[in-house]
Amino acid sequence: MLEHFCECYFNLSGLILCPVLGSIILLFIPNSRIRLIRLIGLCASLITFLYSLVLWIQFDSSTAKFQFVESLRWLPYENINFYLGIDGISLFFVILTTFLIPICILVGWSGMRSYGKEYIIAFLICEFLMIAVFCMLDLLLFYVFFESVLIPMFIIIGVWGSRQRKIKAAYQFFLYTLLGSLFMLLAILLILFQTGTTDLQILLTTEFSERRQIFLWIAFFASFAVKVPMVPVHIWLPEAHVEAPTAGSVILAGILLKFGTYGFLRFSIPMFPEATLCFTPFIYTLSAIAIIYTSLTTLRQIDLKKIIAYSSVAHMNLVTIGMFSLNIQGIGGSILLMLSHGLVSSALFLCVGVLYDRHKTRLVRYYGGLVSTMPNFSTIFFFFTLANMSLPGTSSFIGEFLILVGAFQRNSLVATLAALGMILGAAYSLWLYNRVVSGNLKPDFLHKFSDLNGREVFIFIPFLVGVVWMGVYPKVFLDCMHTSVSNLVQHGKFH
């Protein structure tokens, strides 16, 4: 009875509409009703999260087929539909999205009086668009939602950013990502003219010539590489992180950086397998250079957010190495590392936000000796520093381990360079923790710092649980994605 009820009333369109309905309700609430605005925004995001958990419970991990499929005709004169569905690859990205949005609303809880209801509406609309990206099975509509996310993120950075350069950072973020995606739009139009459809399921059975695959692969790569981001098109990310509010950085690191790698997994690799094999050495070279370069660059940074931002670039390029190993271990490890990065990097940005809220600076030189005045914060910061180093027992370890296993099967030199990047990652993580928490207490202002309050501790608890769960028992996550990953490898005949 309960199973039948869930099948009838829990679907992807309902999941997508939850944050939209919350936004519509907020439009009719005056800004003076701050408590009601907070409550409605938080309830809408929590309902969406619980909704996604119900879909996880209903998900059948034994099949590689898309599940909870819905289709609605969008353009009557073309085979373009509002086509939704998820599989083992996209399921956890949807859950990660719905998990982080309530956190973002709680982060801005105390500043809601100055932010206004528009702040919550922006994040709810962003959630709607991001869920649609991970659920969309129509190529053209995927592009529409893929690019539409830029609008609320542009507003979040440009309006609620923390410094004077926030407008420049917002425009840089917008233009970099938009210009890169124009090539993908041209490729989608070419596919539509050649095949008469943008339906992913049909396109997966369509065989393109090798020459056409190479052209289309390059066009998609131009879009996805900016989102990862890969070197040298990574310049927008550190600036966007520095200028974005704390919640904006959580969305950037936790979700938006996954768009590019998800795009590779969902479209580039299965649709253009011959071109993927052709360009794998190029991806390996670019990713290995990016890992070493950004890891060394991180050691030279003096801004806390830039350190974590460059660390994110290194981790996401490790993900691309795993994906393009084109085997089950590498791809499974890359998905697991993306989920882990969504938790760990978000938590680290929240830690920086805690410090910034208290002294309005992110420069490393102003901090030191916090263990004596903020022991609870220091403990939590230490835990997520260890997770960022991929300590065994934390969520990042098994993902990076599987990536190295997969990469060694494909190219031992690249795998060795990736392992070197992990060592550098441990170096800059420990350096950051030592500078901020250890040493002598700065007498000017740090003695005035208060430790974490109840709301901040409550925000960190779900991240602690998630990181430990994924680190201690990753089988739950790997089992759900295994069939879909195996099907991807077999479809491309990569094994």
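Just so it is clear, glycine is given a Cβ too, placed from its N, Cα and C backbone atoms.
Quick look at what Swiss-Prot lists:
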TRANSMEM  9-29  transmembrane segment
TRANSMEM  39-59  transmembrane segment
TRANSMEM  89-109  transmembrane segment
TRANSMEM  118-138  transmembrane segment
TRANSMEM  173-193  transmembrane segment
TRANSMEM  214-234  transmembrane segment
TRANSMEM  245-265  transmembrane segment
TRANSMEM  272-292  transmembrane segment
TRANSMEM  335-355  transmembrane segment
TRANSMEM  367-387  transmembrane segment
TRANSMEM  413-433  transmembrane segment
TRANSMEM  457-477  transmembrane segment
Under 8 Å between C-beta atoms and at least six residues away from its ends: which parts of the chain pack against the transmembrane segment (245-265)? 89-90, 93, 96-97, 100, 103-105, 107-108, 123, 126, 130, 133-134, 146, 149, 153, 156-157, 160-162, 220, 223-230, 237, 305, 308-309, 312, 316, 319-320, 323-324, 331, 334-335, 338, 341-343, 345-346, 349-350, 352-353, 356-357, 488
Do we see three or more Cβ pairs under 8 Å linking the transmembrane segment (118-138) and the transmembrane segment (89-109), pairs being at least 6 apart in sequence? yes
Residues outside the transmembrane segment (272-292) whose C-beta sits under 8 Å from one of its C-beta atoms, at least 6 past its ends, are 208, 210, 213-214, 216-217, 220-221, 230-231, 234, 313-314, 317-318, 320-321, 324, 326, 410-411, 414, 417-418, 420-421, 424, 491-494
Of the listed stretches 89-109, 173-193, 413-433, the one with the highest count of C-beta pairs below 8 angstroms to the transmembrane segment (214-234) is 173-193
Answer with yes or no whether the transmembrane segment (39-59) touches the transmembrane segment (457-477) by the criterion of at least three Cβ pairs under 8 A, sequence separation 6 or more. no
Which residues of the same chain, at least 6 past either end of the transmembrane segment (335-355), have a Cβ under 8 Å from a Cβ in it? 89, 92-93, 96, 100, 103, 107, 241, 246, 249-250, 253-255, 257-258, 261-262, 265, 304-305, 308, 311-312, 315-316, 318-319, 322, 362, 367, 377, 380-381, 384-385, 387-388, 394-396, 398-400, 402-403, 436, 452, 456, 459-460, 463, 466-467, 470, 474, 477-478, 481, 485
